[in-house]
Amino acid sequence: ETEQSVGPNAKGKNKKRQTQPVEESELLTVPDGWKEDPFTKEDNPRGLLEESSFATLFPKYREAYLKECWPLVQKALNESFVKAELDLIEGSMTVTTTKKTFDPYVIVRARDLIKLLARSVPFEQAVRILQDDMACDIIKIGSLVRNRERFIKRRQRLLGPKGSTLKALELLTNCYIMVQGNTVSALGPFSGLKEVRKVVWDTMKNIHPIYNIKALMIKRELAKDPELRSKSWERFLPQFKHKNVSKRKEPKKKSVKKDYTPFPPPQPESQIDKELASGEYFLKESQKRRKKLEEVKTKQAEAVTKRQEERNKAFIPPKEKPITKPQKASTSAKIDVNAIKDKVKKAKGKKLGALPEEEVKKKLSEKKKKK
C-alpha cells in the first residue's frame, strides 16, 4: 500500500522536473494574428477628469477642401465623443474632449488627424489614424539640405518617375506617404514608419532610395522564413559603398606654393636708394634734366631705326627657286607599237575552245603520213 501511494506522487514530481524551460525569444516575439482588444467604455466607465484640447494652423490653399470635408471629420470624431471646430478667420483646427469621452488616448489621435489634414493628406487616408494599429509620422525635410535646387532634386528623387519610387516604398512598408512642401507625412504601422523615416533621411543625404528599396525587398523575403526570424540578416543584405567623386574642375593656372620661411622678404629699394646707388642723387637739377633728355633722344633714335627697318622690308626681293631642266625620256622605256599589233593579229586568227572531231582526225592522218 505504501509503495502504491508513493508511486504516483514520485511520477508527478519527475514530470515537473522534466518540463523544459521556454526560450526567451519565443516569449519576446508576438504570435501571428494576435491583436489587442479594443478600448471600450467598460474599461473607463467614469470618463476623464480634465478637458484637454489641441489646435493646429493650416495653409490658405487647404481652406476650400477642409470646408467640404469638415462634416465628415466631425462625424468620425463624434463616434469617440471628441468635439472638432474649424476657424476659417484664424485658419486653425481645434479638437477637444467632452464629458462623454472615455478613451484618454483618442485626443492624441484626433490631434494627429488634424495635423495630417493640414499637411495635404486626404480625409479618406487621414481617418485611418483613429484605428488602434495605426500611427503617423510627419518628417521635416526642409532644413536637411541648404541649397534649394538640390533640395527640390532630391525630393523629386523620392517620388521617382511618375511616382513609381513612392509607390514601391508604400507597398513594401504598408504605409501611405505624402510628400508636400518641406514635410513628408507617413501613415501606417510602427515598423513601416521606422523604415519610411530612414529612407527619407537617406534620400536627403544623397543616398538613392533604390538601395533602401532593394534592402527592404530582401528583408521581406527573409521574414517569411521562420528559421531566420531570430537570426542576423547582415550577410544577406547588400552593402553599397559610397563613392564620393568630386566634380570640381581643376584650374588652368595652378599656383605653386613656395617653401615656408620664417623670415620676411627683403624690403624693396626706394627711388632715393636707387639714386644714391647710381650717384644721381648728388647731381644738380640741370644735369638731371640733360640726362633725361639724352635718354629720351636715344629711345627716339631706336624707334626711328626700327620703323625704317620695317619699311625697307617691302623693298627686299623674294628668293627665287632654282630652275630645273626637264629630263629626257629613256629609249629603253619606249613601247614597240608594231610588235603589239602583230600579237593582236595572231590572237584574232586563233580559234578559242576545243577543235571539232573532223579537224582532229585530219591532223592525226597528216602526222602519220609524215612518219
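Each Cβ is built from the backbone N, Cα and C atoms, and glycine gets one as well.
What TrEMBL lists as compositional bias 'Basic and acidic residues' is 33-45, 289-323. Among the features that TrEMBL reports, compositional bias 'Basic residues' is placed at 243-256. Feature annotation from TrEMBL assigns domain 'KRR1 small subunit processome component first KH' to 52-132. According to TrEMBL, the feature domain 'KRR1 small subunit processome component second KH' maps to 134-224. The region 'Disordered' annotation in TrEMBL covers 1-45, 243-272, 289-338.
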Note = DSSP tally for the region 'Disordered' (289-338), helix/strand/coil in that order, comes to 32 helix, 0 strand, 18 coil
Query = So, by DSSP, how many helix, strand and coil residues make up the domain 'KRR1 small subunit processome component second KH' (134-224)?
reply = 56 helix, 17 strand, 18 coil
Query = What are the DSSP helix, strand and coil residue counts for the region 'Disordered' (243-272)?
reply = 2 helix, 0 strand, 28 coil
